[in-house]
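> Among the features that Swiss-Prot reports, active site is placed at Asp7, Glu67, Asp139. Per Swiss-Prot, the feature Mg(2+) 1 binding site maps to Asp7, Asp139. Marked as Mg(2+) 2 binding site by Swiss-Prot: Glu67.
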Amino acid sequence: MRILGIDPGLRRTGFGVVDAEGSRLRYIASGTIVVPPDLALAQRLKVILDNLREVARETRPDVAALEIVFLNANPSSTLLLGHARGAALCALAESGLDVHEYTALQIKKSTVGTGRAAKEQVQMMVQHLLSLNGTPAPDSADALACAICHAHTGPLQERLSPLAATSRSGKSRIRKGRLLG
């Protein structure tokens, strides 16, 4: 499964592409889309949209993973980040990709082992997990960590989702570790 991870930002949007086969991870590509700050908001969003669309076209991922945005101390910063995230979601939707969303806590915990990891710890673990020669840039590392998070948790979520749906209906049950109809 090829996963495109995205760390959205209005100034810098990181992307990272990883192949996951079982527990094996393989680095494909990563980078940072640097958005000129002197552009109008609509044009800045277009830069993100166009570049992510191109990344998806070139790397041909099967699925995408995106960090969920939470409110922070500055509401206007949160709103602007939401715009960048929206541009990323549009690019992914236009590319026909299913999008899975994760919190920063989930991403850090899945990649580093603790949800309170520092950026440097995330960079070092991404470098280690993907056997990279150098330390990835912060935005690229965050995007790669998002892809790694999906590689670690996405397949489990997909296996559990039918179980969750049927257990609520009361029509299925589990016996000896197997889902019964």
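Any Cβ shown, glycine's included, is placed from N, Cα and C.
The shown structure was predicted, so the numbers you read here are calculated from the model rather than taken from an experiment.
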> Determine the Cβ neighbour count for Asp7 (active site): the number of other Cβ atoms within 10 Å of its Cβ.
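26, counting other Cβ atoms within 10 Å of Asp7 (active site).
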> Taking only same-chain residues 6+ apart in sequence, whose CB is under 8 Å from that of Asp139 (Mg(2+) 1 binding site), what do you get?
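In sequence order, Asp7, Gly9, Arg12, Thr13, Gly14, Thr32 meet the Cβ cut-off.
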